[in-house]
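The transmembrane segment annotation in TrEMBL covers 7-26, 50-67, 128-150, 170-189, 223-241, 247-268, 280-299, 305-326.
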Amino acid sequence: MTKKLKIFLNYFVGPVLFLWLSYSIYHQVKSQGDVQQSWHLIRSAFTGEQNWKLLLALLLMPLNWGIEAEKWRFLVKDIQKVSFFKAYRAIFAGQAIAFSMPNRVGESAGRSVYLDEGNRIRGIAQSLAGSMSQIIVTFVLGIAGLYYTRAYILDATHQLEGLSVFWLDGLIYALTTGITLFIVVYFRISWFVQLIEKIPIVARHRFFIEKLEGLHWKELTKILLLSAARYVVFVGQYVLLLQVFEVGIGFSTAIPLICVMFLVMAIIPTIALAELGFRGKVSIMLFGMMSANTLGIIATAAGIWIINLIIPAIIGTVFILGLRLFRNKQTT
């Protein structure tokens, strides 16, 4: 690739992505009926008696992505040294890029543009361990929440739309078996990498995934703990907003239901355009067993969607505006 073409792409791609992502975010927010329905309630919450809880939920957002930035920085350290603030920008850029993709699969690709040329595909591969760790936390705690719902909430309310106790038990057993095998693969990821390297097409590109083999169980445990810390922040935000919008569900009941909701969201692929509507339906199905405040439940789902997806995506588009695909190698 010629130097002139690189210069052109450097100063063309960022602004084009910025315009496209800005329009995409605006269009998707505008088309969300649940946001429009809940907006008055969300605005009034800023002046209500519990506005400090809403502000705290907002302040937890940068903490959440700060933990993710540290996790990604730790994962790519053997490929390229990255400063925390550069990792932070990469995380937000990844959120913007992934906003319109199913289950935000473009996150890793969006982050990788902050790595040097030659390290980007390796960075995407290395991010696999981070994604696996978040899946493990989501499924383990989601299954625990599902079991609690089955044992204590479902028996008390005798309702869970479209799911009988028999099928719920079967789902719990199937998910438990699946995540157990997944955990084994996670902590033996070097074995898994060595296995797939026997495939000829993978063997020819072994360079891109070889660093995964070097992840020690202590490093994998640290990554898992960082993912667990993020999960605690997620749950804390949801509990705060349930209280802000007066859904009226006790702390000990809300947490298992939140865990189940995160599990459902992880299992069923969605794009941001449809996610709020789907999140709202799942929230009503779960929290509606314990509360009649449907508007408060929807407002909570909309608030979380805005705080954890819309705001980071907007911040990410600003960082993408200055995106440079080709640059000199650096370590900060």
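Positions of Cβ are set from backbone N, Cα and C atoms, glycine also.
Long-range contacts of the transmembrane segment (170-189) within the same chain: residues 129, 132-133, 135-136, 139-140, 142-143, 146-147, 150, 163, 212-213, 215, 217, 220, 224, 263, each at least 6 residues beyond the stretch ends and with a Cβ under 8 Å from a Cβ of the stretch. Here the transmembrane segment (223-241) has Cβ contacts under 8 Å with residues 53-54, 56-57, 60-61, 63-64, 67-68, 70-71, 74-75, 129-130, 133-134, 136-138, 141, 186, 251, 254-255, 258-259, 262, 299-300, 303-304, 307-308 of the same chain, all six or more residues outside its ends.
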